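Asker: Annotations for this protein, taken from TrEMBL, read as follows:
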TRANSMEM  6-31  transmembrane segment
TRANSMEM  67-86  transmembrane segment
TRANSMEM  98-117  transmembrane segment
TRANSMEM  137-158  transmembrane segment
TRANSMEM  164-182  transmembrane segment
TRANSMEM  189-222  transmembrane segment
Amino acid sequence: MNENLFTSFITPMMLGLPLVTLIILFPSLLFPTPNRLINNRLISLQQWALQLVSKQMMSIHNTKGQSWTLMLMSLILFIGSTNLLGLLPHSFTPTTQLSMNLGMAIPLWAGAVITGFRNKTKVSLAHFLPQGTPTPLIPMLVIIETISLFIQPMALAVRLTANITAGHLLIHLIGGATLALTNISTTTALITFVILILLTILEFAVAMIQAYVFTLLVSLYLHDNT
C-alpha cells in the first residue's frame, strides 16, 4: 500500500518521458472499425449503444446541432473508455487530471457559445437579462449571468474530475483496509472485501454515467446556442 494516496494520480513516466499520450491513444484500439458484412457481437453491441445514445442525445437538435453528432459520440466513447481503463490494476486515469478535463470542456463550450453568437446573436444576448427584470437590478443580473456563463466549462471539468478521483480514492482506501484487516480479523476483512467489490461495480457505472453526463451537458449547451 502506498503511503501517499495520490500516487496513483501522478503522470506515469518512462525514461523521463510522460506516457500520457500513449495512454490516451490506447482506448481507441478498443473500438475497431467493422470491415465485415456481418459483425460480431462486440461490434454489434457497440453500434447499438452508439445509436441509442445518439438518438436520445441529438433528437432535440436542429440540423446545425446535429452536425456535432460525430464529435459528441467520439467524446463519450473517449471519456467512457479512459474512465474504465483507469479501473484496471497499475493503470492511470487521464480524466482525474483537471487540466485535461478543462482542455476538453473549454473548447467545446467556447465552440457552442461562439456558434450561438454567430447564428442567434439577439437570443444569446437576451440570456444575460431575463425578461421583466426591474431596472435597478439590470447591472447586477448581467454580471451574474456573465459569471454563470463562464463558470460552465469549469463546472464540467470539476464534476468529472471530482467524481472519478473520489471513486478511485475510496477503492484505494478500502483495498488498503482489507489488506490490513486480513491479519487482524478475517470476518471483518471479508466484509470490507465485499464492500470493495460492490464499490468497484459502482465505479464501473459511475465511469459510464460521468461520460454520459459530460457529453449531455455539452449537448445541452449546444442546444441553447443553435
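Note: Cβ is positioned from N, Cα and C throughout, glycine not excepted.
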Asker: Top stretch among 67-86, 137-158, 164-182, 189-222 for CB pairs under 8 A with the transmembrane segment (98-117)?
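Answerer: When the Cβ pairs under 8 Å are tallied, 137-158 comes out ahead.
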Asker: Other than its close neighbours in sequence, what residues sit by the transmembrane segment (137-158), given a CB gap under 8 Å and a spacing of at least six beyond its ends?
Answerer: 98, 101-102, 104-106, 108-110, 113, 127-130, 214, 217-218, 221
